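Listed in TrEMBL for this protein:
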ACT_SITE  TYR137  active site, proton donor/acceptor
BINDING   11-17, 106-109, LYS141, 164-167, HIS180  NADP(+) binding site
BINDING   LYS188, TRP203, ARG210, ASP273  substrate binding site
DOMAIN    7-241  domain 'NAD-dependent epimerase/dehydratase'
SITE      SER108  site 'Important for catalytic activity'
SITE      CYS110  site 'Important for catalytic activity'
Amino acid sequence: MDTESSIYVAGHRGLVGSALVRKLKALGYRHILTKTRNELDLTNPYQVDHFFEENRPQYVFLAAAKVGGIYANSKYPADFIRENLAIQTNVIHASYRFQAKKLLFLGSSCIYPKMAPQPLMEDYLLSGKLEHTNEPYAIAKIAGIKMCEAYNKQYNTNFMAVMPTNLYGPNDNFDLEHSHVLPALIRKFHEAKATGQGHVVVWGTGTPRREFLHVDDLADACIYLMDKFHAKTVGPFLNIGTGEDLPIKELAQLIRQTVGFTGNIVFDSTKPDGTPRKVLDVSKTDRLGWKASIGLKDGIEQTYRWFQEHYDQ
Ligand SMILES: NC(=O)C1=CN([C@@H]2O[C@H](COP(=O)(O)OP(=O)(O)OC[C@H]3O[C@@H](n4cnc5c(N)ncnc54)[C@H](OP(=O)(O)O)[C@@H]3O)[C@@H](O)[C@H]2O)C=CC1
Ligand SMILES: C[C@H]1O[C@H](OP(=O)(O)OP(=O)(O)OC[C@H]2O[C@@H](n3cnc4c(=O)[nH]c(N)nc43)[C@H](O)[C@@H]2O)[C@@H](O)[C@@H](O)C1=O
């Protein structure tokens, strides 16, 4: 990639897409193509083909998807599998037809079997049963990996896939039902403090462990990989994370402290825990010369400041 390359960021208004655009602009890339969902519905193959034919992007970051936390995944399994399969099928196929030099597909660490050994190595893909709360979403993501691999094999394309751990940062979804745990807890503790509530309810038992990566680190990794590596040299896909996790209970305590809430934490064990643990083995990206640099405490503080500036009621 050079600063004159034409680069399409699909999903540029989301958590990941917006971080990619921020970073690409900061690095001096001048031709960044973006389209809102109203302008281009990526589930529609005719619209996607038309866009690629007209714009012929050289590099494609595929960060558009139907995304949500444990509750949204459980409640809308049909939407999660249908929309994700459609978006990725259309964008990957158009990238091949209109000769994109390279594509980077965003998967997720939920592709790995629920009871796989920890940390999760790339080799563990398809070695066991998936976590049921997000199986349809995970199956769509696995299909995306396999599609990139198949196109590379049959058509000699250069399509790569990355599997990020749980992400957070500016432009995250702070909805109380549909979001992921970290933004949901920022909002819950913030509102509890503002309204003088005595406690905050945290879903599940608090014992599941999760790994969190700041989205600016993810964007940095994606651009580094897109710029420097060929799918043939890195293998079919790569984990991206910090390699460190913590129990949800400790995450809740950290967010409570950051927000300055002095009340109690109450666990609602009627809500699902999901996967007990999913910490990534990050030795492959490490060997390629990339490491996360934003610590969780600093990242939460920065995200909380962003939330206060954009969401405070
Ligand atoms: N967030 C996380 O913790 C993780 C995310 N990922 C992956 O990273 C990628 C990006 O996720 P994230 O940024 O969090 O998601 P967001 O929900 O924040 O953003 C998704 C983006 O996709 C766009 N989009 C969705 N459907 C369509 C459509 N039919 N046509 C056009 N655009 C569409 C949305 O547009 P609009 O703004 O109009 O809604 C939005 O801009 C996904 O592939 C996700 O699976 C992987 C691991 C963890
Ligand atoms: C990124 C990843 O995200 C999802 O998987 P998940 O990691 O299980 O998602 P989550 O962030 O929603 O929950 C993590 C843990 O946290 C607990 N938890 C406590 N209190 C709240 C709470 O208030 N909200 C939420 N959402 N969770 C809560 C919750 O019960 C669970 O034990 C999938 O979309 C999956 O497909 C995927 O890729």
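Placement of Cβ uses the backbone N, Cα and C atoms for every residue, glycine included.
TrEMBL does not curate its annotations; it predicts them automatically.
Everything TrEMBL records as a feature, shown here on the structure.
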residue : record                                  : Cβ contacts under 8 Å, 6 or more apart
GLY11   : NADP(+) binding site                    : GLY17, LEU62, ALA63, ALA64, ALA65
GLY14   : NADP(+) binding site                    : ALA63, ALA64, VAL67, ASN171
SER108  : NADP(+) binding site                    : TYR137, ALA138, LYS141, MET163, PRO164
CYS110  : site 'Important for catalytic activity' : LEU130, GLU131, ASN134, TYR137, ALA138, LYS141, THR275, LYS278
LEU167  : NADP(+) binding site                    : LEU15, VAL16, HIS180, PHE212, LEU213, HIS214, VAL215, LEU218
TRP203  : substrate binding site                  : ILE70, TYR71, VAL181, PHE267, ASP268, LYS271, PRO272
ARG210  : substrate binding site                  : THR165, ASN166, VAL181, ASP245, LEU246, ILE248, LEU251, LYS278
ASP273  : substrate binding site                  : GLY204, THR205, THR207, PRO208
Among LYS188, TRP203, ARG210, ASP273, recorded substrate binders, what is the largest CA to CA distance in Å?
19
Among GLY11, GLY17, CYS110, PRO164, TRP203, the recorded positions in the record, which have a C-beta under 6 A from ligand 2?
CYS110, TRP203
Within a 10 Å radius of its Cβ, which of these recorded positions (GLY17, TYR137) has the fewest neighbouring Cβ atoms?
GLY17
Within 10 Å of the Cβ of LYS188 (substrate binding site), how many other Cβ atoms are there?
22
Go through the recorded positions SER108, CYS110, LYS188, TRP203, ARG210, ASP273 and pull out the ones with a Cβ less than 6 angstroms from some atom of ligand 1.
SER108
If you count Cβ atoms within 10 Å of the Cβ of PRO164 (NADP(+) binding site), leaving out that atom itself, what do you get?
22
